[in-house]
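Among the features that TrEMBL reports, active site, proton acceptor is placed at Glu1237. Summarising the annotation, TrEMBL assigns [2Fe-2S] cluster 1 binding site to Cys20, Cys25, Cys28, Cys77. The [2Fe-2S] cluster 2 binding site annotation in TrEMBL covers Cys117, Cys120, Cys152, Cys154. Residues or ranges marked as FAD binding site in TrEMBL: Leu259, Val260, Val261, Gly262, Asn263, Thr264, Glu265, Val266, Phe339, Asp362, Leu406, Lys424. TrEMBL lists Gln772, Phe803, Arg888, Ala1055 with the feature Mo-molybdopterin binding site. The substrate binding site annotation in TrEMBL covers Glu807, Arg856, Phe890, Thr986. Among the features that TrEMBL reports, domain '2Fe-2S ferredoxin-type' is placed at 1-95. The annotation domain 'FAD-binding PCMH-type' is assigned in TrEMBL to 231-416.
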Amino acid sequence: MTLLTYLRRKLGLPGTKLGCGEGGCGACTVMVSRFCPFQQKILYPLQYLNPITKTSYILHNDKRNSKRFRHYSVNACLAPVCSLHHTAITTVEGIGSIKTKLHPIQERIAKSHGSQCGFCTPGIVMSMYALLRNTPQPSMEEIEDAFQGNLCRCTGYRPILQGFKTFAKDSCCGKKKTGGCCMDMKEEKETNTCSALFDPLEFRPLDPTQEPIFPPELLLYKNSPRKQLCFKGEGIMWLQPSSLDELLNLKARYPQAKLVVGNTEVGIETKFKNMRYPVIIAPSWIPELNKVDHTQDGICFGASCTLTMMGEILQKAVVELPAYKTEVFRAVLEQLRWFAGQQIRNVAAIGGNIMTASPISDLNPVFMACNSKLRLISQDNERIVHMDENFFTGYRKTILNPQEILLSIEIPYSKKGQYFSAFKQASRREDDIAIVTTGMMVEFKQDNPQVEKIQISYGGMAPVTVLAKETCKELAGREWNDSLLQDACRLLSKEMTLSPGVPGGMVEFRQTLTLSFFFKFYLTVLKKLEQEWNGNNNIKETIPPNYESVTELFHKLEPSSVQLFQEVPAGQNPEDFVGRPIMHLSAMKQATGEAVYCDDIPHYENELYLAVITSTKAHAKLLSVDVSEAQLTTGFVCFLFPKDIPGSNVTGVRYDETIFAEELVTCVGHMIGAVVADTQEHAQQAAKAVKVTYEELEPIVTIQEAIDKQSFYPPIKKVENGNIEKGFQEADHIIEGEIHIGGQEHFYLETNCCIAVPKGEDGEMELYASTQNTTETQVLASHALGVPSSRIVIRVKRLGGGFGGKESRSSVLSTIVALAAHKTGRPVRCMLDRDEDMLITGGRHPYLGRYKVLDRCLFHMDNAYRIPNIRGTGYVCKTNLPSNTAFRGFGGPQGMMVAEAWMSDIAQVCKLPPEHVRKLNMYKEGDLTYFSQKLEGFNVERCWEECLRNSSYQERKAAIEKFNRQHRWKKRGIAIIPTKFGISFTLPLLNQAGALIHVYIDGSVLLTHGGTEMGQGLHTKMVQVASRALEIPISKIHISETSTNTVPNTSPTAASVSSDLNGMAIYNACQTLLQRLEPYKKSNPKGPWESWIKAAYEDRVSLSATGFYKTEGIGYDPETNHGNPSNYYSYGVACSEVEIDCLTGDHKNLRTDIVMDVGTSLNPAIDIGQVEGGFVQGLGLFTLEELKYSPEGNLYTRGPGMYKIPAFGDIPTEFNVSLLRDCPNSKAIYSSKAVGEPPLFLSASIFFAIKDAITSARAESGINGPFRLDSPATPERIRNACVDQFTKLV
């Protein structure tokens, strides 16, 4: 059992969340504290809950033993409970509560608007708490490093960093030198503009003396000898020896037993790879394995020493020892900078990293290149071996005998004339596995640039970590000059080869990296030789000035930002909060872990758990389903198959899918059935025991395969306007091109979850669901159960993120859970694991755009450009992948991306500045779109001009051109991109909403509407709307939940229209109430709200009102290509600057300036948060996130280990957002505009800035003109596009 399961299920502490189950998202972060007799340092935090008495202790500081306490953050989803003997745990509930007092960390993340959906917030809070317990005044870099193991999908990270920056030593926005410091920018009275979303002076100070100390009960054991422990579970035995002799005896008795310290590898293998280890030995208590010795040759680390401990000791050595002795240490530290997250480094052991024998290990190439010494020991033998080319004998295999263990590793000092570097390239810089990693060492003869010895080791180039033996052999004795470089690259290109079908793919990229890394190493060493042998005539080679940047390690700049918005009008009632940046109403509950999500609902006494049985084939006939073995598993209750459905097996938005497959499966992840058991673990075990026999059919996996086989869904849609043939005839240039935009996983932090509770009569049932669409969930459940919708009630408190992914696909799960509850007559729960959710639910549609354009007019469907002559044809491909679904923008970003691609091509062909071409073709006020909708209030031009000014575009463009002339291997690029996004459901019937308001005798108001809260601040905005309409404080208004028994027939919370629709419905209900109250207000005009309510009640006037709204004037006729598919448009412009590493494909997002038209903002803090969050989500779409499938249709990227969303370090270093002023929108509530989806496409400015930088790199190689760059612009695509002498060798 993991600590997370224990906390949530046994102790009833739901604040710690399950986000991924593999230690990759940080939602489950908690604090572990232990007394360490063999360590002399605090590393990391603690409220103490006595597990016996359930008493909570608030303890005081004890300095006597502080140097021997270890307090550290961990991933509770990976930490076995049995590994925590003699430790204390701190969860988010233990540091503060809305019932008592919030911790300053919780207060600041809430008030700085750093919590949207809130599912990730407890984990982020605990990571920050860990840091402050050890470093009460951290630097900004330490704060950022603390979050390397935490992800957030909503906020865009900026508000979290800005809020926590107030804890830093130098607490400001980072712009003091430029005169734009946040401390000096509160309000600009002349322009009625404000830049303060919160006031840091309101924050309670942090007082480290008030933090709890280590529990006294555990100190009673500090002088007692440790005893061997044995824990037994279902099919597993956990042994924890207390001495080396005990460990060796156990290893002799159980030679196949796994040794586990941090459980960061075995935990994932057992959960996701179905591995079973009957015996696990935990050697974390063994003094010899935790010892650190400084020897004559280096520093010797016990195999159980954590990576955090190793990093601290090496860092100290680097400070204290001469630089020439620490070359290897600095290389190890550079690799550790990007090794997993802090939570993993705190528990992962050095020995585990070595013995896992991963071919893409970050550290093993370093250890191999420096020829580290490993001490191996068994009950009968002890030996010392070097980590050389013989140590790894095969994939994840070493030379150790079954009874041997790794006792220690000695990392050697470097010596004079010896130089060492390590490099790693991954898809994402923070917390990502390597694509290729390397350690390189060269040793020179005394006072001579002649190579005495060279060692080059790579990871990611073979099933094992490898030495480039032949290359090293050839380079020995050579002088360190350009001739050696050329020969080395030639030799490496022949020695480090990969077959076309190698696991992991990216063949060209990986092979190029081996050469790029050596080039970096060559220049790095050359620079050191120049510095150390200055004036020595032996050095004939020098580094060209424009090559200098190659030798620089990645350096983080302190993040900075400015947010600008329009102040409310002078004289606005202080109790009218519309237009004010108030905090998300659930933010404090989310920060303390007290906000309730679906799976946080306490378990019912007789509750069961469901697990799904899914297809492992992409296209196949079902021949048989064997459940005999599964029926014998512990806790089994029943199965669900098509025959168990009392109603219809047909489901889906268009009723073109089945709940369970009957004869044919059409994708991997297709639901075949489900199993119900007493616990989640037992249900999943039973599901895995079901044996399905298939007759495989040929699958269609990619868009190109669908095109080749003409596999399309009818109808093929076409939109045409103007005269295409005439337009092409009159064109000076015709350009054809193609761009592929990859799909995207929603990666909401809370996976799909549902609890179904049968009521026992009349077929009634309640479903607590994590869904954006209560009505569809109700309709599909009733359809499957064969009962009227009125018998089914759907309840939604809040979602831990949605982004469209829970609009329709959530019903796939909720319907099955409802069927299980119906069959068993008992409550049934299911929360999908991350890998299941990613496999089953689908994501953003991949998109292939082919275009043929002329340089006088540009085609878009249609972004912000006027196209007189246009024809667009759309094909929906039918493939054997899970059905894709809505995702923030729902097709808009893909279409706009194609338009911007040919815009970029035309600028290159015509040799015009891209911003000039874009501006020339931009719509004007009053223009008609290609479907004849008139553009009114067209504010793109205003956004464009303001963004040019705010970003200092022209000055920076000139500076970038200068930078690029001075740097060969680093290039910068800049791009400014507009967006025009239509607001409404394209299906007219969905443009309606309802609301229900109850006013109680005490004057309090219960508000219900049809939208669900998923972090976007909808409930907060709706309370603001009702507050203004009723002219009462927001403190009197409460929203409890969204449910189908209060507001029926709701539209999904989607398409960015929920504030528009529900806000107007609420306004309508408020007007009804105000009309009823009018007589009492007239008779007592100065009376308080409560007196009017009391008078109306006593006069028997209804204090409950419904509201309704439908959007008028929308509708589009595809036959005539006329109509208004959108109620209005939201506009924005973004300018972004990037820097790419031409050798590795890595890139840095240096700066982004956004100007967004949100009308008259209902809540600037929420709107700016949506702009930033949408932009960063788009940044993932266009530069980072890749869904990878096998040719057979298997999804490889099923969790954060393989699928990388943007992390804290990926956002622009300077991130500025300005809301356009004085732009009221007459078509929405209180002149506001939609904001959820429109900002996402602005992140295309990052993509085209990258393309701009690549263009400069290609020009250095003599290559000019348009080139294809598909999305996302990953390191692989960037590097391969930067054609140079190294790519030509591959």
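Glycine is no exception: its Cβ is also placed from the backbone N, Cα and C atoms.
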Nearest-integer angstrom distance between the alpha carbons (Cα) of Leu406 (FAD binding site) and Cys152 ([2Fe-2S] cluster 2 binding site): 38
Sparsest-packed of the listed binding-site residues (Phe339, Phe803, Phe890) - C-beta count within 10 angstroms: Phe890
When distances run from the Cα of Val261 (FAD binding site) to each of the binding-site residues Cys154, Phe803, Glu807, Phe890, the nearest one: Cys154
Neighbourhood of Ala1055 (Mo-molybdopterin binding site) by C-beta distance under 8 A, where only residues 6 or more apart in the same chain count: Phe890, Ile983, Ser984, Phe985, Leu990, Glu1237
Predicted model, mean pLDDT over the domain '2Fe-2S ferredoxin-type' (1-95): 76
Of Cys154, Asn263, Glu807, i.e. the binding-site residues, those within 10 Å of Gln772 (Mo-molybdopterin binding site) when Cα atoms are compared: Glu807
Extra residues within 8 Å (Cβ to Cβ centroid of Cys117, Cys120, Cys152, Cys154), [2Fe-2S] cluster 2: Ser115, Gln116, Gly118, Phe119, Thr121, Arg153, Thr155, Leu749, Gly800, Gly801, Gly1015
Nearest-integer angstrom distance between the alpha carbons (Cα) of Asn263 (FAD binding site) and Cys77 ([2Fe-2S] cluster 1 binding site): 10
Distance from Thr986 (substrate binding site) back to Arg888 (Mo-molybdopterin binding site), taken between C-alpha atoms, in Å: 15
Number of other Cβ atoms within 10 Å of the Cβ of Arg888 (Mo-molybdopterin binding site) across all protein chains: 26
Lowest local Cβ density among Cys25, Cys28, Cys152, Cys154, Leu259, which the record lists as binding-site residues, within 10 Å: Leu259
Residue among binding-site residues Cys25, Cys152, Leu259, Glu265, Phe339 with Cα closest to the Cα of Phe803 (Mo-molybdopterin binding site): Cys152
Cα-nearest neighbour of Cys120 ([2Fe-2S] cluster 2 binding site) within the listed binding-site residues, Cys20, Glu265, Phe339, Glu807: Cys20
Maximal Cα-Cα distance (Å) across residues annotated as binding Mo-molybdopterin, namely Gln772, Phe803, Arg888, Ala1055: 13
Chain-mates of Cys20, Cys25, Cys28, Cys77 with C-beta within 8 Å of site centroid, [2Fe-2S] cluster 1: Leu4, Lys17, Leu18, Gly19, Gly21, Glu22, Gly23, Gly24, Gly26, Ala27, Asn75, Ala76, Gly123, Arg834, Pro1200
Under 8 Å by Cβ from Glu807 (substrate binding site), counting only residues of that chain that are 6 or more apart: Thr771, Gln772, Asn773, Thr885, Ala886, Pro1052, Thr1053, Ala1054
Fewest other C-beta atoms within 10 angstroms, as judged across Glu265, Glu1237, which are the recorded positions: Glu265
Most Cβ neighbours inside 10 Å, all chains, among the binding-site residues Asn263, Thr986: Asn263
Lowest local Cβ density among Cys120, Leu406, which the record lists as binding-site residues, within 10 Å: Leu406
Rounded to the nearest Å - Cα separation of Cys117 ([2Fe-2S] cluster 2 binding site) and Cys25 ([2Fe-2S] cluster 1 binding site): 15
